[in-house]
Amino acid sequence: MAAAEPSVAALAGGGVGAGAPSGGVPVLFCFSVFARPASVPHGAGYDVLIQKFLSLYGDQVDMHRKFVVQLFAEEWGQYVDLPKGFAVSERCKLRLVPLQIQLTTLGNLTPPSTVFFCCDMQERFRPAIKYFGDIISVGQRLLQGARILGIPVIITEQYPKGLGSTVQEIDLTGVKLVLPKTKFSMVLPEVEAALAEIPGVRSVVLFGVETHVCIQQTALELVGRGIEVHIVADATSSRSMMDRMFALERLARTGIIVTTSEAVPLQLVADKDHPKFKEIQNLIKASAPESGLLSKV
C-alpha cells in the first residue's frame, strides 16, 4: 500500500490548480516527500510528464536511476503504474518512483548477472594498507572463483605510473579489463561500456583498496546506476582501520551488501549439485585468513 499523499485541498490555495499556470490540466506531481502542483496540456502523454517531473525536480533526480510513473487511482485508493498510452484528460495526481531500491535489495547473486571489480591492488600500497597481504590472498581466491564460474573481472590501477602495477600475486589470467585511472571511483567510461556489453548485469562484487575512498566511491556510483553492490569485507582495507570501519558502516546503511569471500562463491553456485560446486568447495576448503580485519578499529 502506498503511503498517503497530501490531499488536494491541503495544497496552497485549496486546489491542485492553485499556483499552476492556467490553460492546461492541473496535475499534482509528487516525488519523494515533495508534492508540487503544475499544469500540462490536455492529452499530455508519458514523455511530456517526464519532462515536467524533471523541470520540477531536476536537481534531485539522479538520471542514472530507473523510474516508473504512477497514477493515483481513486477506485483503489492507491497509486498504480501509469497505464500504457495514458494521456492527461482531467486533474490527477502522479508520482515518480525510483526502481532500483525496490528491485535490488534481495542480495541474490547469479553468475550470468554478476561482475567482479578488483580495485587498485597495487605494489606501492603494500606497506601502507592494513593487512594488505591478507586481502591479496583473499582477492586472489575470489578471482579464482570468478574464473571457475566464468564471471567477468574488471581491474583498475590508480595512477600506475606513480603507484605501480597490480601486485604479482594477483593472477590476471582471463581478466576482461585492466584499466589505469586517476579518478577514485572505478566507474570510468570504459567500465560503463564494458558493463553495457554484458547482457543482464545486475550485481557487482567489489573488493580492493582503499575502503573509505575508491571502494566507497565506486559502490555509491554503481548503486546510483541501479546496480546492486556486494563488498567483500575480508578483501578490502584502508591505511586506517577507523576509516575502514566507518566506510563499511555507512555503505551498509545505504543498502550496499557487506559480505565475505566464502559467502560469495557459495551464493553463486547455490546448490551442491551445481556442476562447479566441487571446484568451489576445494577453493574455500582452507578458511580465509583470520586477520585483524575482524577488529572494529
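Just so you know, glycine gets a Cβ as well, placed from its N, Cα and C.
Under DSSP, Y159 (phosphotyrosine) is assigned to coil, being neither helix nor strand in the three-state scheme. Within the same chain, residues at least 6 positions away in sequence whose Cβ sits under 8 Å from that of Y159 (phosphotyrosine) are P180, K181, T182. Residues or ranges marked as phosphotyrosine in Swiss-Prot: Y159.
Among the features that Swiss-Prot reports, N6-succinyllysine is placed at K278, with the record citing similarity to another entry. For the recorded site, K278 (N6-succinyllysine), the DSSP three-state label reads helix.
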